[in-house]
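K.L.:
Okay, here's the structure, questions in a sec.
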Amino acid sequence: MHFVKMHGLGNDFVLVNAMTEKVPGDLPGLARRVCHRRFGIGADGLILVLPSEQARLRMRIFNPDGSEPEMCGNGIRCFARYVYETGLAEGEELQVETLAGIIKPRLILEGGRVAGVRVDMGAPHLEREQIPMAGTGSPVLDEPIEVNGETWRGTCVSMGNPHCVFFVEDVTGAPVTTVGPVVEHHPLFPRRTNVEFIQVLNREELRMRVWERGAGETMACGTGACAAAVAGALTGRSNRKVTVHLAAGDLQIEWSPVDNHVYMTGPAVEVFRGDFPLD
């Protein structure tokens, strides 16, 4: 099975053209094999390129544990670059079908080469049942959540997938690996949740660490950065246009007051290509 390894700010993926490659029927099992960092290729996710009846192409993504999230911000930037450079799609603007709906990435070209990708992530969902999250009252702003005997205050947003955002004084020392998995599986979140730990540097800059649903702590999360920007604006901590600093670089996030959509701009990088044995 031919593949391309790519990353968006260290959030890495194995991309496969499932329209031409023979892909096993057990996709969760394939993802677990491929994403394993010792016995496979190693990645935060497996991305499949598929035909679509609703858009130009369809993207499916599977986490290292075999679960299938609705969307992935860093993943769709890699997807957009991959399909453009392999000739599967033409033009700078794409429409991609995902479980979160139609997502619209736009390639940023410099000298004919892809320098980055700007993605229209659509409008954030703030209603509790759309996140989804148990309880009553929307939007969910700084709501107390009991974790390991402590009370954390979370602001919850869906960017097509669920996010719980915690604002902290110092993200470097945040208990991502202990609080993150507990919140991911908290009874409040029937579909589990991604968990962001955010330090507000100023009204235009956020620093982020993330515990991703089904993947653990990763170097970056595009939908998480979008959720963090929305949460910051909703709670008055930051502006609607911010730079989100992650371990390997930055994402530019803008929550437009014009159309209520969130726009994410960042890199997508090819690492290597290869063939993975399926036998």
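Positions of Cβ are set from backbone N, Cα and C atoms, glycine also.
Just so it is clear, the model here is predicted, and its values are computed rather than measured.
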K.L.:
Of N63, N148, N239, which does Swiss-Prot put in the substrate site with N11, G73, N74, N161, N194, E212, R213, G222, T223?
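P.N.:
Looking through N63, N148, N239, the residue Swiss-Prot assigns to the substrate site is N63.
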K.L.:
What is the one among the binding-site residues N11, N161 whose Cβ has the most other Cβ atoms less than or equal to 10 Å away?
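P.N.:
It comes out as N11.
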K.L.:
Just how many other Cβ atoms lie inside 10 Å of the Cβ on G222 (substrate binding site)?
P.N.:
29
K.L.:
Secondary structure at N11 (substrate binding site) (DSSP, helix/strand/coil)?
P.N.:
strand
